[in-house]
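Visitor: Supplied in structure tokens, the structure appears directly below.
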């Protein structure tokens, strides 16, 4: 008689906890590297453009590769997809470490542009890890706990956002950039070791896939068709894409807004306080799990964010902006977790990788767009309007003030009002309001890890096509 492994599928909650811990350590290590590399490039070149290029190279693969990654993740063993993604990310970080060591040894002259293709390659690895992890959670977590699981994911991101810059600053001063990169490599190795030790169940394949291998284009079309034929999910995708892009625009512009009237020290205070807000939102979600009516969370918490944008636009002060930023970021994990639960419960397990990748592609494309337009929109449109003697100086200037940063404040007002309008449009659609009731849950109440074998079913065992058995009539 063979004893079960410590993290066998019969203990799904333990498996989830171990994998979450591994991914959190990996995320924290990546946060250390991201901050340290950004500071290094800026100090090396003094160029904001080259600094931003690092973030752009890390984000671009998520927008371009996510659809294909989603198809492959649904074809592959999701545990192995995450494992090789972590290994690949560790290798890319190791390449940068090797280049820096070679530079110190005098073997080559390190140039900042060396980082860009390597960071781009690391982004390619991340493009596979995200849909695999999103599609794995419902396999391991009971349906009633998915809200808490999503909250834990947001909590991990919040802790990384708060702690990574602080620890990176200390570590760069004590062990240098080389040491930070080496720690990141170790974090990836830890995450990979966890994935080697655990086992995931395999979701049942759809009948269409089990009957024969299909083209990637056909499988991508299947995910898009699934979302398009369910108007509630389509509206949810459009709403979350718009709000996430709006939030990204705000996070890009908060730094120049703060520095327009105060110093870097105050910026750090505001950043720390706002990070605590995001941490609190993640903790609340992981403990509470969110409202039973998920759309109330999806539509309700952005109202807090919109109100805080209007507050942040008032004549500036550090306490005012710190409070607004804290409550703004507090709402983000709550909104994201409720949206995530809807997707995890309404999308069949066999296509969750593709649908998650579709959402990532649409969302990251919007974020890339606002990244490109944020600077010109602020510098060439809104700031001139709110300069002394500008087009809006005698109207909006009386309320918000004029001078540096007031154009960004006006842009915050516009973003806040458009978010309010987006919430109104979402709630005006019966399909969107009732998406939780109209679309049946397509995952079991208990995780598949407790009912499915760890190996895929035999090729001749073709299950019922659950994609056509959702009970939802397109409208």
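The backbone N, Cα and C atoms fix where each Cβ goes, and this holds for glycine too.
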Visitor: Among 388-407, 408-427, 428-447, indicate the range for which TrEMBL gives the feature transmembrane segment.
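Guide: TrEMBL lists transmembrane segment for residues 408-427.
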Visitor: If you look at how TrEMBL annotates this chain, which of 181-200, 201-220 comes out as transmembrane segment?
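Guide: In TrEMBL, the transmembrane segment feature sits at 181-200.
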Visitor: Match it up for me: which of 266-288, 450-472 does TrEMBL list as transmembrane segment?
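Guide: From TrEMBL, the annotated transmembrane segment range turns out to be 266-288.
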Visitor: Near the transmembrane segment (51-71), which same-chain residues lie under 8 Å Cβ to Cβ, leaving out any that are not at least 6 residues past its ends?
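Guide: Tertiary neighbours of the transmembrane segment (51-71) are 34, 37-38, 41-42, 45, 115-117, 119-120, 122-124, 126-128, 130-131, 216, 219-220, 223, 353-358, 360-361, 364-365, 367-368, 371.
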Visitor: Any residues 6+ beyond the ends of the transmembrane segment (266-288) with a Cβ under 8 Å from its own?
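Guide: Residues packing against the transmembrane segment (266-288) from afar: 147-148, 150-152, 154-159, 161-162, 165, 254-255, 258-259, 318, 321-323, 325-334, 337.
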Visitor: May I ask whether the transmembrane segment (320-337) has at least three C-beta pairs under 8 Å with the transmembrane segment (233-254), counting pairs 6 or more apart in sequence?
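Guide: Yes; at least 3 Cβ pairs under 8 Å.
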Visitor: Given the transmembrane segment (357-378), which of the listed stretches 83-102, 114-132, 295-314, 320-337 has the most Cβ pairs that are under 8 Å apart from it?
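Guide: Result: 114-132.
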Visitor: Across the domain 'Major facilitator superfamily (MFS) profile' (15-433), what does the pLDDT come to on average, as a whole number?
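Guide: The predicted confidence over the domain 'Major facilitator superfamily (MFS) profile' (15-433), as a mean pLDDT, is 84.
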